[in-house]
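Feature annotations, courtesy of TrEMBL:
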- G25, G27, E67: Ca(2+) 1 binding site (BINDING)
- I253, R255, G257, D297: Ca(2+) 2 binding site (BINDING)
- A295, T298: Ca(2+) 3 binding site (BINDING)
Amino acid sequence: MATIDVPEQVSVLADAEALRKACKGWGTDEKAIISVLGHRNAVQRKQIRLAYEDLYQEDLIKRLESELSGDFEKAVYRWILDPADRDAVLANVAIKKLSPDHHVIVEISCTRSPEELLAVRRAYQARYKHSLEEDVAAHTKGDTRKLLVALVSAFRFDGEEIDTRVANSEAKILHETVKDKEFNHEEIIRILSTRSKMQLMATFNRYRDDHGTTITKNLEGDSGDEFLKTLRPTIRCLNDPKKYFEKVLRNSIRRVGTDEDALTRVIVTRAEKDLKDVKELYYKRNSVPLDQAVAKDTTGDYKALLLTLLGKED
């Protein structure tokens, strides 16, 4: 369930005018920007952008980029984009890093629905004049490339149906390859990149029931192994995305110096989806409310925006 608090009736013209007023004059009214954008869903935010451009012949995103700075600007920019376009930007930033963030590509590929992932690939092509697949392939190598290209290219079946016989046989295949430490086996890549999420959950459950442990627990190995570092989050994202997102948030807050990129990414991308469930899981695991942990680790307008998206005003 979503965490953002959206009013039933919204005037996008009044919102566009309020944002214009917040950006005019000597100083920017950041509180006004948060009070409008922090309480609007993706459809409304798009309508506000269109209304703003219509009224002022100016791109609202560019205007906000020029007015704001730091983590707050980055969070506002990511929040105001259409979800598919935002994912395209996140993927591109992750790919182009000196040391690429493979887990971000995994996250986008494995936690979005097939239709959402298709929309991301379209948005990526429109924005960068390359395909997501070719950019992933150009910035990765070896088995990691094989896995990531297969994941971003996937268009999985999205139904509830499962085949128990397939779950049994593929749990056995996974166990054999993991036991032999053939983590990069082509069968692992085939199973993870083609099966529906419901089918994979049945397979992972069969694995756990047969062997008394989860597959991720068996994927221990060299902590510097790039392929294993990509494989583990792939299985976590496919099997239990909420648990995966809770762990990303926990790690982003716990580390020495907050990982603002990860913190922003999860809150912004899940606020309209399942962030309420992730918050509950976070509290269960850490005995501290997520908004309290975020408030302690962030400051200023950045903190105010994140708390608003978490459904708790500062």
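The backbone N, Cα and C atoms fix where each Cβ goes, glycine too.
Ranked by CA distance from R255 (Ca(2+) 2 binding site), the binding-site residues G25, G27, A295, T298 have T298 at the top as the closest. The binding-site residues recorded for this entry are G25, G27, E67, A295, T298, and the Cα of T298 lies nearest to that of G257 (Ca(2+) 2 binding site).
Of all the binding-site residues given, namely I253, D297, T298, none has its Cα within 10 Å of the Cα of E67 (Ca(2+) 1 binding site). Distance from the CA of I253 (Ca(2+) 2 binding site) to the CA of G25 (Ca(2+) 1 binding site) is 36 Å. Summarising the environment of G27 (Ca(2+) 1 binding site), the number of other Cβ atoms within 10 Å of its Cβ, over all protein chains shown, is 9.
In sequence order, S252, R254, V256, T258, D259, L263 are the same-chain residues whose CB sits within 8 A of the CB centroid of I253, R255, G257, D297, the residues recorded for Ca(2+) 2 being left out. Those same-chain residues not listed among G25, G27, E67 yet with C-beta within 8 angstroms of the centroid of the Ca(2+) 1 site C-beta atoms are A22, C23, K24, W26, T28, D29.
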